[in-house]
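Chemist: Sending over a structure as structure tokens; questions will come in a sec.
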């Protein structure tokens, strides 16, 4: 026994010594999460790993082993997840789950007791207002109550849905939607009520209009009549009544007053017993006026006006301008009175006529979409009904037309102010001439007062007296002036068609209208004649320029005859040129007068040279019988320049000094025909071409005798025949064809106008043809000039070629120093 104890004690001491030796030999460099095996080796702790189980390298480290990923075979079970820890791992329940025991972790699937957590029960306020919490496996959701939706910025906050604006309501069209918090209602609109058996509010509500007028629910004033409308009502003035000042008609608060007779009194400053009696009768009608008797009052006023204009009495003794003022006052007042008294819808359609010719047509209708035509014996008016409707006034529309032929007595000699395209009368142009009134004076009015710029034109068809041929017809209206009087005007009115006894007018405003006739013949321009004039004069200018150059440069033909030709050509050249470029420059009166006087002088000078040409031709023919050239030459040279340029200058000076304002017309820079002023040109012209024609006839008679006395020598015969041909051509050159201008009357006027324009616009062509192209001496000179020109051109070309050849020829080389040495 004792030996065994001793043996055990010895073994224990041996082991204790070995352990002490090992402890002293443990390696001190082992890394974190490891332990030493001996003095030279280490081993990683459980849950960590290195490159080998036991390692001896001091640089080795121990890494944590992730037991939650392969190849580890850790399984935590359903609704849980493995969570790695330092050197170990845990199993935890998924969010929204918890262990039955309440513990937070477990180690393996056998310990898994994870179950769903009901968040809605744990926190009833988890979802905000108007939201409901719904538990789900491992989580929860918030759902909005009906009529609400989530706000985009906060998925837990619900906000109201406006079913009325979003269109998410089935309300009937007879209701209107009212949004509530989380809901809506379908309520009847104001002025509507639920149909029998229908609720008022739910989405199946159906409503019908309430007739406030028949049910007595309206609040219309006693001066108005209730008119039911869909969902409401309006209050309109009673027939013959009108809204009080500042209060619109057809409103719920409309208040009306009985219709007043429009104010119509004697115009100030006019002293006439006849007119005073008329307005006394008008005042009597005003005093006894009742709305119900509006039709009778209209008839009475028109009857009194008809009698006044049939026998104006002392009105005709008033000065013309006062008569025009009275007419303006009568037309204005008549229009206002008739418009005011015609608003009674019970009137309907009226047509009155009176002994002196006054006619009245009226139509009163509710709003219609059609044209209306009012016909009278002497006038017809056509327009669309929408022109008569006053903006914002649902009442009846009025269209009226009154024809007052007697008004023409007061409007006699009234002035006309027309637009430029219709300008036929100008005080400075046609003094004392006034347009003639052809038709009756008519006045048109509508219930709409704004008739100065109508949306569509009104058409008037006038019957009138026969129009004098070639007189212009104008559609005019009476325009009121600032002084209380007025004048005829054409602005806004156009003449669409005119015949002998009828005219169609179209106007964009309403007033008093009539048809006027110009007091003198108005000639319309023929575009064909204009083209012929400008083409003929342009060709004549070219020929006159060539002829003048020929007479100046051709020395062989220069004599008294060519001097006459040259002066005639220059005068016509300047006159035609001024005519082409300045005849229409009427915008400046002074400039136009200067142009007209210059044309007057140049054409008179040209005709004077034509007279001298005819005289010289006559003397030449006479001297074929008796030779006396020297005396002729001295006589011609001494007189021709003073006569040709002096006489026209005196004539123009006298005309300009006596009536300078008659130079220039509204359309042309020429002499005006008034007071015989145009005869300052026509008189000398007629005298000259008459003398020229007589001289030419005598010349031809002399030549005929000369031809009969000649022998048959060919050269003499040919020269004399050429002289005869030239003498005949002088009919065109010497202005004898200007008589065609005087013959422009009657049926042949158009033919004469064309002949006059063609022949006289080509006068320069005849001069160049007869005096240049048919002259043998001139033709010979043309040939010489042509040969000289060709020779000059050839020499120029040869000189050019010679200069070019010299430049192209190589120059001989000059020997240098090396050449000299050799």
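Here the Cβ of each residue, glycine as well, is placed from N, Cα and C on the backbone.
So Swiss-Prot has the following annotated:
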| type | residues | note |
| --- | --- | --- |
| TOPO_DOM | 19-530 | topological domain 'Extracellular' |
| DISULFID | 26-36 | disulfide bond |
| DISULFID | 30-42 | disulfide bond |
| DISULFID | 44-62 | disulfide bond |
| DISULFID | 68-82 | disulfide bond |
| DOMAIN | 116-159 | domain 'EGF-like 2' |
| DISULFID | 120-133 | disulfide bond |
| DISULFID | 127-142 | disulfide bond |
| DISULFID | 144-158 | disulfide bond |
| DOMAIN | 160-198 | domain 'EGF-like 3' |
| DISULFID | 164-177 | disulfide bond |
| DISULFID | 171-186 | disulfide bond |
| DOMAIN | 209-247 | domain 'EGF-like 4' |
| DISULFID | 220-235 | disulfide bond |
| DOMAIN | 351-523 | domain 'GAIN-B' |
| DISULFID | 475-505 | disulfide bond |
| REGION | 475-523 | region 'GPS' |
| DISULFID | 493-507 | disulfide bond |
| TRANSMEM | 531-551 | transmembrane segment |
| TOPO_DOM | 552-562 | topological domain 'Cytoplasmic' |
| TRANSMEM | 563-583 | transmembrane segment |
| TOPO_DOM | 584-589 | topological domain 'Extracellular' |
| TRANSMEM | 590-610 | transmembrane segment |
| TOPO_DOM | 611-637 | topological domain 'Cytoplasmic' |
| TRANSMEM | 638-658 | transmembrane segment |
| TOPO_DOM | 659-676 | topological domain 'Extracellular' |
| TRANSMEM | 677-697 | transmembrane segment |
| TOPO_DOM | 698-728 | topological domain 'Cytoplasmic' |
| TRANSMEM | 729-749 | transmembrane segment |
| TOPO_DOM | 750-753 | topological domain 'Extracellular' |
| TRANSMEM | 754-774 | transmembrane segment |
| TOPO_DOM | 775-822 | topological domain 'Cytoplasmic' |
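A description of the local structural setting of each listed feature is requested, covering burial, neighbours and distances.
Modeler: The average pLDDT the prediction assigns to the topological domain 'Extracellular' (19-530) is 84.
Residue 26 (disulfide bond) falls within neither a helix nor a strand when secondary structure is assigned with DSSP, and so counts as coil. Within the same chain, residues at least six positions away from residue 26 (disulfide bond) with a Cβ under 8 Å of its Cβ are 36, 38, 39.
Listed in sequence order, 27, 29, 30, 31, 34, 35, 36, 54, 55, 56, 60 are the same-chain residues at least 6 apart in sequence whose CB falls under 8 Å from the CB of residue 42 (disulfide bond).
According to DSSP, residue 44 (disulfide bond) is assigned to a strand segment. Proximity of residue 44 (disulfide bond) to non-local residues of its own chain (separation of 6 or more, Cβ distance below 8 Å) is seen for 33, 34, 50, 53, 62, given in sequence order.
Residue 82 (disulfide bond) falls within a strand segment according to DSSP.
Beyond the domain 'EGF-like 2' (116-159), the same-chain residues lying 6 or more positions past its ends with a Cβ under 8 Å from any Cβ of the stretch are 79, 94-98, 180-184.
Annotation note: residue 133 (disulfide bond) sits in a strand segment as assigned by DSSP. When Cβ atoms from all protein chains are considered, those within 10 Å of residue 133 (disulfide bond) total 18, not counting its own.
There are 18 other Cβ atoms within 10 Å of the Cβ belonging to residue 142 (disulfide bond). The secondary structure of residue 142 (disulfide bond), as reduced to three states from DSSP, is extended strand.
Of all the Cβ atoms in the protein chains shown, 23 others lie within 10 Å of the Cβ of residue 158 (disulfide bond).
Residues of the same chain lying 6 or more positions beyond the ends of the domain 'EGF-like 3' (160-198) and with a Cβ under 8 Å from any Cβ of it are 130, 145-149, 204-210, 212, 230-233.
When secondary structure is read from DSSP and collapsed to three states, residue 177 (disulfide bond) falls in the strand class. Cβ neighbours within 10 Å of residue 177 (disulfide bond), excluding its own Cβ and spanning all shown chains: 18.
Other Cβ atoms within 10 Å of the Cβ of residue 171 (disulfide bond) number 20 in total over all chains.
Residue 220 (disulfide bond) carries neither a helix nor a strand DSSP state and counts as coil. Counting only same-chain residues at least 6 apart in sequence, those with a Cβ under 8 Å from the Cβ of residue 220 (disulfide bond) are 213, 226, 233, 235, 252, 254.
Of all the Cβ atoms in the protein chains shown, 24 others lie within 10 Å of the Cβ of residue 475 (disulfide bond).
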Chemist: Starting from each candidate's C-beta and looking 10 angstroms out, tell me which of the disulfide-bonded residues 82, 120, 144, 505 has the most other C-beta atoms.
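Modeler: Result for the most crowded candidate: 505.
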Chemist: Taking the transmembrane segment (677-697) as reference, which of 531-551, 563-583, 590-610, 754-774 has the most Cβ pairs under 8 angstroms?
Modeler: 590-610
Chemist: Could you give the Cα-Cα distance between residue 186 (disulfide bond) and residue 507 (disulfide bond), in whole Å?
Modeler: 55
Chemist: Just jot down the residues in the same chain as residue 507 (disulfide bond), at least 6 apart in sequence, with C-beta under 8 A of its C-beta; none if empty.
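Modeler: Listed in sequence order: 457, 458, 460, 475, 477, 492, 493, 494, 513.
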Chemist: Roughly how many angstrom lie between the C-alpha atoms of residue 120 (disulfide bond) and residue 127 (disulfide bond)?
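Modeler: Just about 9 Å between their Cα atoms.
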Chemist: Cβ pairs under 8 Å only, please: of the recorded stretches 563-583, 590-610, 638-658, 754-774, which one is richest in them relative to the transmembrane segment (531-551)?
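Modeler: Answer is 754-774, with the largest number of Cβ pairs below 8 Å.
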Chemist: Can you give me the Cα-Cα distance between residue 127 (disulfide bond) and residue 158 (disulfide bond) in Å, rounded to a whole number?
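Modeler: Per the Cα atoms, residue 127 (disulfide bond) and residue 158 (disulfide bond) stand 9 Å apart.
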Chemist: If I take the alpha carbons of residue 158 (disulfide bond) and residue 142 (disulfide bond), what is the distance between them in whole Å?
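Modeler: Rounded to a whole number, the Cα-Cα distance is 9 Å.
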